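Chemist: Structure below; questions to follow.
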Amino acid sequence: MLPASLQRKAAAVGGRGPTNQSRVAVRVSAQPKEAPPASTPIVEDPESKFRRYGKHFGGIHKLSMDWLDSVPRVRVRTKDSRQLDDMLELAVLNERLAGRLEPWQARQKLEYLRKRRKNWERIFEYVTRQDAAATLAMIEEANRKVEESLSEEAREKTAVGDLRDQLESLRAQVAQAQERLAMTQSRVEQNLQRVNELKAEATTLERMRKASDLDIKERERIAISTVAAKGPASSSSSAAAVSAPATSATLTVERPAATTVTQEVPSTSYGTPVDRAPRRSKAAIRRSRGLESSMEIEEGLRNFWYPAEFSARLPKDTLVPFELFGEPWVMFRDEKGQPSCIRDECAHRGCPLSLGKVVEGQVMCPYHGWEFNGDGACTKMPSTPFCRNVGVAALPCAEKDGFIWVWPGDGLPAETLPDFAQPPEGFLIHAEIMVDVPVEHGLLIENLLDLAHAPFTHTSTFARGWPVPDFVKFHANKALSGFWDPYPIDMAFQPPCMTLSTIGLAQPGKIMRGVTASQCKNHLHQLHVCMPSKKGHTRLLYRMSLDFLPWMRHVPFIDRIWKQVAAQVLGEDLVLVLGQQDRMLRGGSNWSNPAPYDKLAVRYRRWRNGVNAEVARVRAGEPPSNPVAMSAGEMFSVDEDDMDN
């Protein structure tokens, strides 16, 4: 049986062929229809093996970029952004070199201005266009102008309704200002009227005074004429009577003018002259007693060893800048680990060396790379021929009892270092804190030597709950020490600027009364170093030691707690001492009326005021001749009556 396709072909051929004259009938039985066979591809598809994994497998792959949204963005610093940051750093450096602000204060203000990036870019354009030095004042001026320009732009964009509201607000403010101006004018008129009344009263009083003077002179003339009329027997008494008013008048003229007008009344006894010697002023009395305070730093204070820094705060390859007697210095350790101190000013262009770094025990200047050793000599000058005998000043430096000591005086320093800085036996150091205090160091020392103020000043810190005693007294002795009554506190002053105190504690945080420090079980030892940094500033080094609770040194972050407590106590004192300093600058005195419990501070002030004379006498080989110029070891031997006013 032929396939259906062949049957159709055969039928077509048979019907068209001319040779077939007769039609052949073929009878085909009914058969089931078969499905046509599948076509077999001639060439195999090379991608067919991939299509079995999916219709898109093996095609063009598109990577989804959604994962980039979760990737942290990395900020790329461009040249413009670096220039903006460089302007901030340059302004901080200029403020530090000028000494107008501390670097952290300038940086804080500049960082605040940089938060508004659009303003900061315009500030940079303004400073660059002006070709001015990048200082804080210049940047603040540029910021003000930028704010004005931006506000003008904002004003231009303001709607008419908003402008109308602003105009109404300004009108209300003008009306209020006019009312205040009218009130001020009325008060001024009242004050002028009162001034005129006072002038009239003063004129009346002046007339009365002149009239009384004429009356007194008339009475004197009458008395003299009466005595002269009695005869020569009373001539001597009349002469005495004449001399008495004359003497009084002469002394009255020489006496300094007072704020109130006083009237001299002549004695009725013309035979006895009146002693009218002028009394000394309180300022003269204070000067004679050595109690004259001043903001100036005596030159005689230079000839002492000063603990300038804690040893633990001066590791290797570290620069510690500080000021002493108004001069900049920087400390570091040399290649042997020994402390050194040189002037913080490069010998080349005056750049602060403390901005540089320590390279193999020598300080490298950050400006041109000059290097200086511990003696101040320049040892390296890159990019230029080396010049000898170039260097900076250096201070004698030593290390003892956990302190770095420097000698700022003239000539050779003392051979031995002080030995009182070490804590007493049985005590362990718990805290070492350095603070720059904006107070003259003498005022701060006097505050530390005064304990009578504690119940009134430190009511929120260590003296909380202390009752006010009936009396407070300091008992001094000749060993540069003494103790307070009724508090269990031993206190001492060590020249030139150190105070030591040992406090007896009943239990941690509480103090006992009516006993001495030696009678207490637990003790707290304090050392305050008040180094004269510059005029009106003190570099304060504070060390605290305890003879109990040794495990407390290992408590995490305990140093932060001690710093916070010390800052709180110092803040309570600082408000008062700054007020004293302000009154001193205005001509006032903090030694008008000393009290008995001021004994220790009084003797410090006497020693301080006589230190120049003391140094001069010691250089001349003479011993001290009076308590004002007495040495440190003798200043506690003055009697109790030196506190009398």
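The backbone N, Cα and C atoms fix where each Cβ goes, and this holds for glycine too.
Quick paste of what Swiss-Prot says about this protein:
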REGION    1-46  region 'Disordered'
COILED    105-218  coiled coil
REGION    258-287  region 'Disordered'
COMPBIAS  259-271  compositional bias 'Polar residues'
DOMAIN    305-406  domain 'Rieske'
BINDING   C346, H348, C365, H368  [2Fe-2S] cluster binding site
Chemist: Cβ distance under 8 Å to C346 ([2Fe-2S] cluster binding site), same chain, sequence separation 6 or more: which residues?
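Modeler: The list for C346 ([2Fe-2S] cluster binding site) reads P352, L353, C365, Y367, W370, F372, V392, given in order along the sequence.
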Chemist: Average pLDDT across the domain 'Rieske' (305-406)?
Modeler: 95
Chemist: What is the number of residues in the domain 'Rieske' (305-406) that are helix, strand and coil, as DSSP sees it?
Modeler: 6 helix, 45 strand, 51 coil
Chemist: Using an 8 Å cut-off from the Cβ centroid of C346, H348, C365, H368, can you name the remaining same-chain residues around the [2Fe-2S] cluster site, in sequence order?
Modeler: A347, R349, C351, L353, Y367, G369, W370
Chemist: Which chain-mates of H368 ([2Fe-2S] cluster binding site) that are at least 6 residues away have a CB under 8 A from its CB, listed by sequence?
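Modeler: Sequence-distant Cβ neighbours: H348, R349, M381, P382, S383.
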Chemist: So how many other Cβ atoms are close to C365 ([2Fe-2S] cluster binding site), meaning within 10 Å of its Cβ?
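Modeler: So the Cβ neighbour count for C365 ([2Fe-2S] cluster binding site) comes to 24.
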Chemist: With every protein chain in view, how many other Cβ atoms are within 10 Å of the Cβ of H348 ([2Fe-2S] cluster binding site)?
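Modeler: The answer is 16.
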